[in-house]
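The structure appears right after this line, and notes come after that.
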Amino acid sequence: MWWFQQGLSFLPVALVVWSAASFVFSYITAIVLHHVDPLVPYISDTGTIPPERCLFGIMLNVSTFLGMATMYVRYKQVSALSPEKPKILRLNKLGLMLGWMSCFGLCIIANFQKCILYYIHVLGACLTFGVGSLYMLVQTVLSYLMQPELHSKDIFWARLAVFLWSCSSILSMFVSSVVLYSGLYGQNLVQKLHWDPQERGYTPHIISTVSEWSLAFSFLSFFLTYIRDFQKISLQAVVSLQGQTLHEGPGSFRAEEQALLIAGSI
């Protein structure tokens, strides 16, 4: 059995591989069609113009589903490992809520392009990266609270390092974006897809775009730390019949079941 076939480890692997592919494929398509500059464009700029916009949207929608599934499995795993620790259970529920909010933000990014509905797109980015960073923080704290009995110290330090990486990327992108869009370098820069290295504002633009790519891959790296944990878990669906046929109501089935029990006792 291959390592990615153990337990549910294929879930974080699929999430990381598929999400990275959505960035790379839309980037390659946009470059080939000369829609953006080859040197580090914004990720959103590579999904602005058709046909890469269609590819970008549908692939990120799939990433949203994979992210929600991965976060749910992580939630169930922590709940099963620490059933009698209220503090961990509360943090675990908070983490699931934050994680799904982040996934909703990713869905907004996929379906509301930057050059068309900018403010909604920014809202999606804030949910994805801002709330997503809080999700990473909660999971890092959970890893700390669960060591050394349930988690190794190496996993905690790895997640802490990735979390700090994402925070530094957010800070760098925020500062450079504020400087870039402050009005010092012109207006309507949001719609600008091509940049000349000699023009004013190019340096903060590059810092902002590099920070965004760094932030995206820090998120993907965080989910890579789930692989080892997910190798030790599996989920099963339990089917509970509420009736002997599909047209019976639950009440009639229970009444019939009670009648059979009474008949058996007599």
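Quick reminder: no glycine exception, Cβ is built from N, Cα and C everywhere.
Keep in mind that TrEMBL annotations are predicted by a computer and have not been checked by a curator.
Over the domain 'CWH43-like N-terminal' (8-233) the predicted model carries a mean pLDDT of 90. The domain 'CWH43-like N-terminal' annotation in TrEMBL covers 8-233.
Residues annotated as transmembrane segment in TrEMBL: 12-35 (among others).
Using a Cβ-Cβ cut-off under 8 Å and counting only residues 6 or more beyond its ends in the same chain, the transmembrane segment (55-73) has close neighbours at 8, 11-12, 14-15, 18-19, 21-22, 25-26, 29, 46-47, 95-96, 99-100, 102-104, 106-107, 109-111, 135, 223, 226, 230, 233, 235. Per TrEMBL, transmembrane segment is recorded for 55-73 (among others).
What TrEMBL lists as transmembrane segment is 94-112 (among others).
With a cut-off of 8 Å between Cβ atoms, the residues of this chain six or more beyond the transmembrane segment (118-145) that come close are 44, 71, 74, 78, 85, 87-88, 91-92, 94-95, 98-99, 101-102, 104-109, 112, 151, 155-156, 159-160, 162-163, 166-167, 170, 190, 215, 219, 222. The transmembrane segment feature in TrEMBL is assigned to 118-145 (among others).
Among the features that TrEMBL reports, transmembrane segment is placed at 157-185 (among others).
The annotation transmembrane segment is assigned in TrEMBL to 205-227 (among others).
Pairs of Cβ atoms less than 8 Å apart link the transmembrane segment (205-227) most often to 157-185, out of 12-35, 94-112, 157-185. Long-range contacts of the transmembrane segment (94-112) within the same chain: residues 44, 47, 56-61, 63-64, 67-68, 71-72, 74-75, 78, 120-121, 123-129, 131-132, 134-135, 138-139, 142, each at least 6 residues beyond the stretch ends and with a Cβ under 8 Å from a Cβ of the stretch.
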